[in-house]
Structures are given as C-alpha cells and as structure tokens.
Amino acid sequence: MLARQVIASGASTALKSISAATASPKRSLSKAAITAIVQQQQTRDYHEVTGDIISPSMIQGIDHLRDPRLNKGLAFTLEERQTLGIHGLQPARFKSQEEQLELCRISISRYQEDLNKYLYLVDLQDRNEKLFFKLISEDVEKMMPIVYTPTVGLACQKFGLIYRRPRGLFVTINDRGYVYEVLRNWPEHDVRAIVVTDGERILGLGDLGACGMGIPVGKLALYTALAGIPPHQCLPIVIDVGTNNQDLLEDPLYVGLRHKRVSGKEYDDFIDEFMEAVVKRYGQNTLIQFEDFGNHNAFRFLDKYRDTYCTFNDDIQGTASVAVAGLLASKRITGKKISENTFCFLGAGEAAIGIADLVVKAMQAEGCGLQEARDKIWLFDIDGLLAKGRPEGRLGGHKAFYAKDHRVMKNFAELISEIKPSVLIGASAAGGAFTPEILQTMAKNNARPIIFALSNPTSKAECTAQAAYENTEGRCIFSSGSPFPPVKYGGKTFSPGQGNNAYIFPGVALGVIVTGTHHIPEDIFLIAAQAVADHVSQDDLDKGSLYPPLSAIRECSLEIAVGVTKYAYEKGLASTYPEPQDKLAYIKSHLYNFNYESAMPVTWKWPPQQEAPKRPITPTKLQA
C-alpha cells in the first residue's frame, strides 16, 4: 500500500530517499515517516534558482511562474508556455515587458500613501524580479524616494506590521559561536556584497533594532537598479543585539530580540566573529558595507577593519563623498577652490566627521597642508563648539582633529556671526536648526553662501529649500539629503539637487566587486566625488542643482566604477587578472540584464554522423 502511494505521487527522488533510509536490514520506516519524505521532496523552495546559472534539468515548468527570478508574467510566448507545460495557467493575452512596466506605473500611481507604494514594490519584487529592477532603473526619480529615503524610514518604523517574506539574514547575539552556520543557511553561494546594520541609528530615527532591515534591503536594491550588480550577489543582514528603544520592547509587533542592547567586549567579539564568518563563507574580497551603526561604533569599526577586510561605512564615507561632490561642483559657481572656504558643521557625528575628513583630503589635493586644512573646519555638536577647553569634553576619536583653541561656545548663531563661514553643513538630525537668523547671517557675509541641509528623512532637515532661498535673497547654493520640491523666488524657479549617497555607493561597490579589490582606501571616495561633480552640467547648475538628475545615476555609477577600476590596478589592489584594457567594456560584461530572456532551453545541431562498418556482435560466453 505504501509503495503504491509513493509510486502514485511520482516522487522518484522520494523513492531514492526511502531506499537509502531502509538500506540497513535493521532499519524500517513507518507510514508517517515515508509520507514525510514524499512531502519533503515534493515541496519546492521559494527560490528554485541560485546564482545566475540555471540548470534546465533541475527546473520544472511551473517554476517559471513561481520563482521571481524566472517569472515573466504574461510575457511568456506561446511556444514557451506550451514547451514548459504552463499553457492554460495564464490568460491568453501576451504582453511585452514595456506593456507590463506601464501597468506597474499605473498601479503604483493609484496609491495615495507612500507606504502602500512601498508594499506594492515589495510584492512586485517577490513575484517578478526583472520587472521590479527595470521599473526602478527606468523611473529612478519617482521610485528611489519609495524604495530608499524617505519612505524606507517609515517602512522600518512599521517593519513588524509589513513583514512579508525573508529578504535577508537576521544574525542575533544568541547565535554567538554559530554565525558561520547562520550564514550557510542563505541559499546563495556567490555573494559578493553585504550591507549590514545593527539598527542602532536608522537615518535620523534612532534605534529601531531588527526593524532596521529595510535599510540594507533598500541599499542593495539600488546596488542592482543603479549599478547593475546582479541581485543574487547581494545579501542584506541585520545584526540583532537587542534594542534600547523602550517603545519597541513593549510593541507586540516587534520582530527582534526583546532585551536591551548588548555592548562592550561581548558586542565587539560578536562583530569580530561575524566578519570572520563572512570571509570564511564567501571569501576575503566580499564587500561589507556598514550602515546605520551608532556613532560610537561606526568610526571604531571603520578604523579597525578597513585594512584587514574589504569594507566601508556609507554613513561616513558615502555621505562624505556625495557632499564633497557638491562642493566640487560649486567651484564652478563661486570661482573659489575648496581650500579658499571656511566650513562650519552643525553636528559632529559620523556623517559630519566623515565629510570633514574628505574635505581635508580634497584641500590637500589642492596643495593645502594637513593642519592648515583642519583649521578651516569648525564643528558644533550637542555640547557646543568642539573647543579643547569645554567642560563636557567628549572630544575623542576623530573629533580631536577639529577641536579648536577657542572659548567655549553654546550658541550656534553666535558662532556663525563670529567665524563667518562660507559653507554651512548640517548633519545633526535637528529639524529647522538653520533658523532664519542663521541663514540671513550667511547671506550677509557671502555673495553665494553654500548651505547643505543633509539630515534625513525630510522632517529632520536643518532647513527647507524654501527657507534657504527666502532668507538668502535667492543667492544661496543649496543642497539637501532628502528631496524638496522646486522653489519659486524672485521670478526664478530653483530645483535644488539632493545630495543622496545613491550617487556614490552603487558605483563604488561595482568597481570594487568587478576588480576583486582587497581594501577600499579613502582616495576611492574622492575619485567618486570627482566623477559625480564632472557629470553635473551647466544646465543643472543654472537650475540650482549641484548634482546631475537622479535619472543619470546609472551613468555616474559606470564612471565611478571605471575610476575605481583604474585606481585598483594602479595601486595593486585588484585581484582579477589580467588587467582589462577596455575597462568600461569589462565592467559592462558583468552587469545584470534587466530585460527578459528566453525561457527555452538552448538547442543546437550536430553534424551528420557518417556510417562506419561495424563488426558483428560476438556473444561472450560466461563461465559457470
């Protein structure tokens, strides 16, 4: 009876499993055990494909509809439907990918709330991967604010409510000693890039713990959409060590560990184990991008790992690179070199310090001395001016480089009046901190004041674009970290650019991955900044933008990747040989194909076989 059930199920693999399980005369299986084996073998995984190499012998026809990497929806041709055995499972209509894209645009425009648009895109990625990435790549200006900032911040806040399917790995402090085993559970073997967060400082929203998964997921979606890095090579990870957010700890929908954050040596040892496990699982050249770690950990880990792993911190180095790109572009408006400016920062966290460090490097490239460059930069944090004698102290790490021999100051507006900076940069997550008084002072002291309100989401921006232009008589050179609508002032319309890290990190990652670069020096981010600045047209500047249109990010990414590739081979950092002569063509050969491909197996013909004379078969007599 059991044998008939197994044979009727058509599960030949199950028969093999049962045969192996009962090979020993001392072993036998119950009816329940045999049924479990049959069910296990008949159950198909959500992803039937790993990597980008499809084995036709391992894929069933129905998999082409169930697996998002294979699914083309109504774009399957009649021949494909009939050959794959899926004819009749879809309506008779045939659609091109372009027709499907138009339907996606119509569908997403019907939603009023951005979170609902986000969920629509999540669902699209779960059912048709190529269509999802093609939609984002072709509609960057409309889609990026949904899959990335600012909507991703709201998605993180609502993560426990909107969680659908696995999109990355959660590695918890409870997995100490077994991190490698957790990484092995990820079904992909060809991972080249990891974005990891511990959720302690998500955007300007603070500690969101495990709900921070939306950030690495969103970042890696842009790796593919904006730089063509194959999605199977990307792995989002959350390091869950708890959360200090009491609201989340009490939230019944929270999906992470319900205890206060683990810190100190136990935390550091856990991160060490994670880094070692990544290298053991995927290799030394695996890119590890740190994202939204707390200020007190971000610089420590960057300094600790940058020379022993292929790693960078986007909040520090990516933010710095895009800010410096804007400053490089601004030279064409002000006519001043970077070193001819005085900089004042509101905020002295990882973003501000990262920008300051790269600005110093840019000034050094102009011939400025190290200390001379640092003397041109003033930072102001929650305790006031970074002054050597301030009672609070807290001048450790990279902050010490910018501490001034100056009296203690707690009033930011007073500092602006005294030092008369030409560049004002906000990285404080203090919404509205650039008051009308401060903006007017900047306008009084400068013909073309440069004002960067970089904090995000939008509610955390130090000032709005409207406030910046109105309080500087339309003379400011403005940029922000989150998008703002165009501003009309003095009969002119300003369309300020968004200093978004997405201009930088996808291209840097692409260059690092295709060259197998071992480590990522700071020079690479200056190369990236210059590539973006070079891509800014005069028309962009005339409109009030220091950045190219978001729709041009894919071009920027390729240019950055070419620059990184040249640098990697010049400095001996690359590990892929021989060095390609045509580096652009080499990079393009590694890019993800957003377009549908034929689902038909490849066939070919053999040459006609010539008949050869055969000898008669002589039976072999077996001896008794």
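Placed from the backbone N, Cα and C atoms, the Cβ positions cover glycine too.
Feature list (source: TrEMBL):
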DOMAIN    125-306  domain 'Malic enzyme N-terminal'
ACT_SITE  TYR148  active site, proton donor
BINDING   ARG201, ASN456, ASN500  (S)-malate binding site
ACT_SITE  LYS219  active site, proton acceptor
BINDING   GLU291, ASP292, ASP315  divalent metal cation binding site
DOMAIN    316-569  domain 'Malic enzyme NAD-binding'
Margin query: Given a separation of at least six residues and a C-beta threshold under 8 Å, show me what packs close to ASP315 (divalent metal cation binding site) in the same chain.
Written below: ARG201, PHE290, GLU291, ASP292, PHE293, ALA298, GLU350, ALA351, GLY354
Check: Taking the center of the Cβ atoms of GLU291, ASP292, ASP315 at the recorded divalent metal cation site, which other residues in this chain have a Cβ no more than 8 Å from that point?
Finding: THR197, ARG201, ILE202, ILE215, PHE290, PHE293, ALA298, ASN313, ASP314
Item checked: Between ASN456 ((S)-malate binding site) and the residue listed as 'active site, proton donor', the C-alpha gap once rounded to whole angstrom -> 11
Margin query: Around the C-beta of ASP292 (divalent metal cation binding site), how many further C-beta atoms are within 10 angstroms, looking at every protein chain?
Written below: 26
Next item on the list: Other Cβ atoms within 10 Å is the metric here; tell me which of the recorded positions ARG201, LYS219 scores highest.
Entry: LYS219
Next item on the list: Rounded to the nearest Å, what's the C-alpha distance separating ASN500 ((S)-malate binding site) and TYR148 (active site, proton donor)? Just drop the number here, would you?
Entry: 10
Notebook entry, point to check: Given LYS219 (active site, proton acceptor) and the residue listed as 'active site, proton donor', what distance in Å do their CA atoms have, once rounded to a whole number?
Noted result: 7
Next item on the list: Using Cβ-Cβ distances, find the residues under 8 Å from TYR148 (active site, proton donor) that belong to the same chain and are at least 6 apart in sequence, listing them in sequence order.
Entry: GLY218, LYS219, ALA221, LEU222, ASN500, ALA502
Notebook entry, point to check: Looking only at Cβ atoms, how many others are within 10 Å of the one on ASN456 ((S)-malate binding site)?
Noted result: 25
Next item on the list: Specify the count of other C-beta atoms within 10 Å of the C-beta of GLU291 (divalent metal cation binding site).
Entry: 25
Next item on the list: Inside 10 Å of the Cβ of ASN500 ((S)-malate binding site), count up the other Cβ atoms and send me the figure.
Entry: 26
